[in-house]
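Notes follow the structure.
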Amino acid sequence: MGPEEKAATILNATFVRPAKFYLSGFSNMPHEKYYYVFLGLIYIMTVLGNCFLMSVIYLVRTLHTPKFMIVFSLALADVCGSTALIPKVLDTFLFDRNEIVYEACLSYMFFVWFFGSVQSWTLVTMAYDRFIAICFPLRYHSIVTKPAIAVILLFVWIFSLTLLALAVKLLDRLSFCGSLLIQSFFCDHGPVFRLACNDTSVNYTIALLVLSVIMCIPLILIALTYVCIGIALSRIASGVERLKALKTCTSHLILVAIFFLPLLGTNLAALTSYIHANARIINSTLTHTIPALLNPIIYSLKTEEVLNSIRRLFKNIRLRTITPSKKI
């Protein structure tokens, strides 16, 4: 290991805080720069798609409802999460700048996982909205109100911020006296704390907690809401009404599938079999980026309210452009 890889600020005789970490990225993968360009295109489309969806929700008054407050929150988290991850990945590997300052590494880690947590729990909030709409339709407008959803979303953002701030802060107690090469494409929590020389049991516990809070608990809660929704739908006598109610859930079910299934697949594969480092990086980057790209497309194409609002919005813009202004 070269001297620069061991560059560190020694705080005392037993505690070593590194000046920098180094990100491994792909290992001898041909034409890897094309993949980073592909990620750049995904990022541009993600930002444009989600900003467009947020603009439609903001501009069309009929979409100022609790349901679309949740959609807006998800789109905002998608934009912020992609912005936290992809530009830095491109800067690191497309331009061969794989070193990252210690403090910047922790900030990088915090924002990537913070917005991931917000995305996960926003999907839970969507499931709650569908649960109330189908299981308690007569009480929906009295339960799912704008203030109630605002409080839930605010709690999701504050809770995620607190949990991830704690997880990142606990890394400050670790001493890094060996290798500073992070085996990942970004400053991921697990690969970072495993580099430490001292006891990492607390960090391992908090890693399990974060994984449970972001992936396991939300998925269990969503599954339980759909069990209740299934029971409620089975009591509807009319098949047409049952199908109509189920259609209101399709967009959410697709979002849940594209967010959680790749995460589960990647982590289960890593636990049960060997995955080449390059394949793991490709899986992980696509898992972190593709859901944010597809969310606005799904909500634009699968949700009738959004489609009608987009048509009306463009019709109004076209009429304003074509109709000559009247002279007084």
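A Cβ is built for glycine as well, from the same backbone N, Cα and C atoms used for every other residue.
What TrEMBL lists as domain 'G-protein coupled receptors family 1 profile' is 49-299.
Remote same-chain residues near the transmembrane segment (34-60) are listed as 26, 68, 71-72, 75-76, 78-79, 82-83, 86-87, 89-90, 93-94, 282, 285, 289-290, 292-293, 295-297, 299-300, 306, 309-310, 312-313 (criterion: CB distance under 8 Å, separation of at least six residues from the stretch ends). Summarising the annotation, TrEMBL assigns transmembrane segment to 34-60 (among others).
Residues annotated as transmembrane segment in TrEMBL: 67-86 (among others).
Remote same-chain residues near the transmembrane segment (106-128) are listed as 67, 70-71, 73-74, 77-78, 80-81, 84-85, 88, 100, 149, 152-153, 156-157, 159-161, 163-165, 167-168, 171-172, 186-189, 192, 210, 213-215, 218, 221-222, 225-226, 252, 255-256, 259-260, 288, 291-292 (criterion: CB distance under 8 Å, separation of at least six residues from the stretch ends). Residues or ranges marked as transmembrane segment in TrEMBL: 106-128 (among others).
What TrEMBL records for 149-171 (among others) is transmembrane segment. A Cβ distance under 8 Å defines the sequence-distant neighbours of the transmembrane segment (149-171), meaning residues of its chain 6+ beyond its ends; these are 66, 69-70, 73, 106, 109-110, 113-114, 117-118, 121-122, 125, 128-129, 189, 192-193, 202-203, 206-207, 209-210, 213.
Under the heading transmembrane segment, TrEMBL lists 204-233 (among others).
What TrEMBL lists as transmembrane segment is 253-275 (among others).
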Open item on the list: Should anything in the same chain at least six residues away from the transmembrane segment (204-233) have a Cβ under 8 Å from its Cβ atoms, list it; otherwise answer none.
Closed with: 113, 116-117, 120-121, 123-124, 127-128, 130-131, 134-135, 163-164, 166-167, 170, 189-190, 193, 242, 245-246, 249, 253, 256, 260, 263-264, 267
